[in-house]
């Protein structure tokens, strides 16, 4: 696996540590994910199967529809005349001269580049966790304070008294505890009569090699994030494997989003806005990812968020206009605007998918369609500002929330969107201990993932069900994701409260201990 040299990496991003301290054994699953994709591409029919699945292919990411547009483009015909192709025009230029034998390798390479970008983002997340400041409590610790360590001496230790000696001393020791003033209580009253408490115990010795005990025992101990594990989690996620085998053009959007955040971490504002503009050009909704990118840039450059936004937003708009201009030069008309972004916004194609739009607008009366279209589309973008304001100190958590919101409420979602935000969730493992409904959420996601294809088969192939079967399970899938978003939002807010209120945190831990 290629790794950027330390010189170039430090030049681009002096604030990020290198990956030299990572265990190379962790990288084996990354290659396992690559080998798995290649084996499934060339030794099975899995690719042909997933190209037709509604869970992995949508009207705006389907490879079959892309082939239709590419065929028209190569024969000098407008690619949008057939009413089937709804993807960005510049994708046609990418595949126009690419031999068919190389196409599977291209999609595997896209996933690999996505994984490498996620590894670098995870390294930044690990660095921010290590630099996080937890104020120590000012209250005098009582029950929570660790026992003082005895200094090592050459004198012989006193042997532990036997049961008879302990019995003789128990009454006297109990009297001392009961007569002690309240301010100097050594042992809580509910442990006074506990023989295990009254018996003297050996205390650990402090040696020169023994690490010092943490003073603030109320601070949670989080497992250190291993960056390479994040790449492995993405590549071995079944949702990302199925998306790659389906040759979904969504991978280009995910790649642009990931590298937009990656260049923001490196402090390269221009390339970051270029990648976000490419992602928005391909799928429209990723335009909201400018928010976490700006938060990262402002954090690294130590400038105000509003000032950074005033600098970055014109770059984003300029790149987006340039991409639209190149598309016009390639196609020769502005027809692609209606056939791409018009389809995303107005949802004329009601092909079943795992989203919320298709069935709702099948049943919708025409006179109400415009109103509910506005409501549904506003619902996707309305959370950008409040989420960015509340969690402005955690830009990668903002990226997780926004990608999850897109995966739920966009007009044509697929499992590739779910794979992306689940990978961002795995970077925030410090929140898992604060989550309250994780079992419910992941159980619902699992059963919905299993029952979704089954109900789709019963509806369209077996004829023993109807559209309500499949749409009901997609509602369960969406509900589980909504609960996941609210639960993780609560977990982050609760963790921040613990971090910024050390004295209240101490009282809470004492209460739980009692």
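The first residue you see is number 1, and the count goes up from there.
Heads up, the Cβ atoms here are built off N, Cα and C, so glycines get one too.
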Request  = Give the range, chosen from 102-136, 137-171, 172-206, that TrEMBL lists as region 'Disordered'.
outcome  = 137-171
Request  = Using TrEMBL as the reference, determine which range in 1-20, 21-40 is annotated region 'Disordered'.
outcome  = 1-20
Key: Recorded stretches the transmembrane segment (468-490) and the transmembrane segment (371-391) touching, at least 3 CB pairs under 8 Å   = no
Top Cβ-contact partner of the transmembrane segment (271-295) among 90-115, 244-265, 343-362, 371-391, 439-462 (pairs under 8 Å) = 244-265
Message = Check for me, if you would, whether the transmembrane segment (397-427) reaches the transmembrane segment (371-391) - at least 3 Cβ pairs under 8 Å, residues 6 or more apart in sequence.
response = yes
Remark   = Counting Cβ pairs closer than 8 Å to the transmembrane segment (316-337), the top stretch among 90-115, 244-265, 343-362, 371-391, 439-462 is 90-115
Message = Which sequence-distant residues neighbour the transmembrane segment (439-462)? Criterion: at least 6 residues beyond either end, Cβ under 8 Å.
response = 53-55, 352, 354, 469-470, 472-474, 476-477, 479-481, 483-484, 487
Query = Mind checking which residues reach the transmembrane segment (90-115)? Cβ under 8 Å, same chain, six or more beyond either end.
reply = 30, 33-34, 37-38, 41-42, 47, 66, 69-70, 73-74, 79, 231-232, 234-235, 240, 244, 247, 249, 251-252, 254-255, 258-259, 281-282, 323, 326-327, 330
